[in-house]
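Encoded as structure tokens, the structure appears first; notes follow it.
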Amino acid sequence: WWDERVSARFRRNLQPTLTYWSVFFSFGLCIAFLGPTLLDLRCQTQSSLSQITWVFFSQQFCLLLGSCLGGVFKRTLAQSLLALFASSLAISLVFAIIPLCHNVVVLAVVMAVAGLAMGCIDTISNMQLVKIYQKDSAIFLQALHFFVGFGALLSPLIADPFLSDTNCILANGTASASSNLPHIRKSLVPHHPGNLSHYDLPMKGVVVTQVSYAFWIMALINLPVPIAVFFLLYKERMVPCFNGSSHPLLPADELALETRPGNKDELSTAGQRPHCRWASGHKDLFSCCQSINFRGSSSTYLAVHITGALVLFMSDGIVGEYSGFVYSYAVEEPLSVVHKVAGYLPSLFWGFITLGRLISIPVSYRMKPATMVFINMVGVLITFLLLLIFSSSVVFLFVGTASLGLFLSSTFPSMLAYTEDILQYKGCATTVLVTGAGVGEMVLQLLVGSIIHDRGSYSFLVCGMIFGCLAFTFYTLLVFFHRMYPKPSPELDEASPDKAAVPEDTGQYQR
């Protein structure tokens with residue numbers, strides 16, 4: 001279902017591609033375990049519910065910070081792979097260390113380290129796949145984001161057998177407090193704390209949790225990921241202790257051409273232009289904002305960056321606020337869904353996000369990224385509109401949750417591929433988009449949480465509809481700026497990275 005050119009390009013870059021996919025599985029494994037295990041971690045640290053929810057903030061804030069700083073390690077392939085190796089190894093160490101954290105402050109620091117590692121993985125993996133495949137990157141980005149969904153589904157399943165059925169601190173009043181435990185646990189799925197201040201659970205007593213085994217299992221499952229990154233480093237001769245000779249700065253076929261007499265000037269002309277273009281783009285967020293790229297460039301150049309980031313600010317914000325508050329919305333009036341049934345809603349939402357990303361892998365090969373984003377935006381608007389119309393129907397809440405997960409699933413990778421296509425792989429699109437998505441997920445969760453607290457549960461759907469309308473508006477502006485954006489001249493097109501480095505778009509893996 002794809003042509004021989006893309007297949008050949010994938011085979012040439014098989015090891016780095018599989019490595020980046022596995023690292024994103026590590027990202028997904030780490031992002032979804034905290035909600036289900038938080039009550040057991042509260043018992044382990046013997047802290048209150050309000051204290052333990054600060055662990056959410058430390059992870060989310062440092063994830064955003066890591067996304068901003070991830071571009072720092074993008075300047076060379078060696079730096080990128082070393083950063084990925086350190087980040088994936090840090091996640092395994094975090095899983096192994098969490099059972100040893102008996103103080104909530106120490107746990108928050110450990111989760112902050114995990115957040116930084118996750119942010120670096122998010123930025124660097126997206127950047128490297130875009131750099132390798134460029135015009136063909138959409139299908140590989142869809143696969144990349146399938147792996148984060150797969151990891152996010154797997155970690156709660158691993159944790160579930162080890163979660164406490166009753167309150168994990170045995171003290172007076174445990175029986176009455178335990179009756180609220182399923183309600184509290186479901187309100188923490190997948191990674192957002194609700195309003196838990198009115199629940200009173202014992203803080204002193206005998207700790208009986210067995211959640212440590214879940215973290216050690218996840219540490220072992222994640223361990224092959226840093227090993228895979230190390231093997232890629234070793235293959236590229238970038239391991240400091242094992243690189244017997246310095247690695248070449250140019251692909252092998254260009255080195256062969258360089259040895260031929262009379263071709264050196266021609267090679268330098270063809271090879272230096274793409275290096276300059278890549279050197280000027282894809283930096284960290286702070287360098288990007290001060291980049292010479294923005295000086296003297298057209299207004300549409302900056303507008304494409306901003307509108308692309310705003311689309312993902314809204315769409316990823318919808319993912320965060322819906323997954324965080326759909327359970328709380330379902331158990332309140334007028335739906336009044338029983339807690340056990342309502343607990344399936346976040347799992348259904350994330351399950352269809354993962355399914356949608358799997359479906360999008362072959363679809364993205366036949367459909368342009370711009371078309372996929374348009375379908376996603378329209379689908380989100382229609383789903384929220386129907387959810388508002390049938391707000392008293394429990395059945396349609398489940399149908400709408402599945403539909404929303406399906407339409408939101410491919411928005412991020414499609415937007416990333418579309419924006420990079422517009423900018424001809426210059427500028428800082430990947431860094432800006434990843435950062436915008438992270439900010440949106442964190443800010444809109446806090447905003448919706450405060451609105452629900454003041455205005456009631458129905459405002460949950462109203463906020464989603466407003467965010468969907470804003471996302472569609474920003475997408476329309478992005479299409480408008482795309483039409484205004486200057487087309488590349490034939491000379492620049494011939495000098496594009498995927499053509500200059502390797503003739504006929506062979507997709508050589510470059511350092």
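Note: Cβ is positioned from N, Cα and C throughout, glycine not excepted.
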Residues flagged as region 'Disordered' in TrEMBL, choosing from 259-281, 489-511:
489-511
Below 8 angstroms Cβ to Cβ, which residues of this chain, lying six or more residues outside the transmembrane segment (104-125), approach it?
20, 23-24, 26-27, 30-31, 34, 41, 45, 47, 51-52, 54-55, 58-71, 73-74, 80, 83-84, 86-88, 90-91, 94, 97-98, 144, 430-431, 434, 438
Are the transmembrane segment (80-98) and the transmembrane segment (213-234) close, by which I mean at least 3 Cβ pairs under 8 Å that are 6+ residues apart in sequence?
yes
Determine which recorded stretch among 51-73, 213-234, 301-329, 371-390, 430-452 has the most C-beta pairs below 8 angstroms with the transmembrane segment (458-481).
301-329
Would you say the transmembrane segment (137-158) and the transmembrane segment (51-73) are touching, if the rule is that at least three C-beta pairs must lie under 8 angstroms and be 6 or more residues apart?
no
The transmembrane segment (371-390) in contact with the transmembrane segment (301-329), cutoff 8 A, at least 3 CB pairs, sep 6+:
yes
State the non-local partners of the transmembrane segment (301-329) in its own chain: residues 6+ outside its ends, Cβ under 8 Å from one of its Cβ atoms.
186-187, 189-192, 194-195, 293-294, 335, 342-343, 345-346, 349-350, 353, 373, 376-377, 380, 397, 401, 404, 408, 411-412, 415, 418-419, 422-423, 427-429, 432-433, 435-445, 447-449, 452, 457, 460-461, 463-464, 467-468, 470-471, 474-475, 477-478, 481-482, 485
Sequence-remote contacts (6 or more beyond its ends) of the transmembrane segment (213-234), Cβ cut-off under 8 Å?
15-16, 18-19, 22-23, 25-26, 29-30, 33, 37, 78, 81-82, 84-85, 88-89, 91-93, 95-96, 98-99, 154-155, 158-159, 161-163, 242
Six or more residues out from either end of the transmembrane segment (137-158), which same-chain residues have a Cβ under 8 Å from its Cβ atoms?
2, 6, 10, 17, 20-22, 24-33, 35-36, 125-126, 129-130, 189-190, 214, 217-218, 221, 347, 350-351, 353-354, 357-358, 360-365, 369, 372, 409-410, 412-414, 416-417, 420
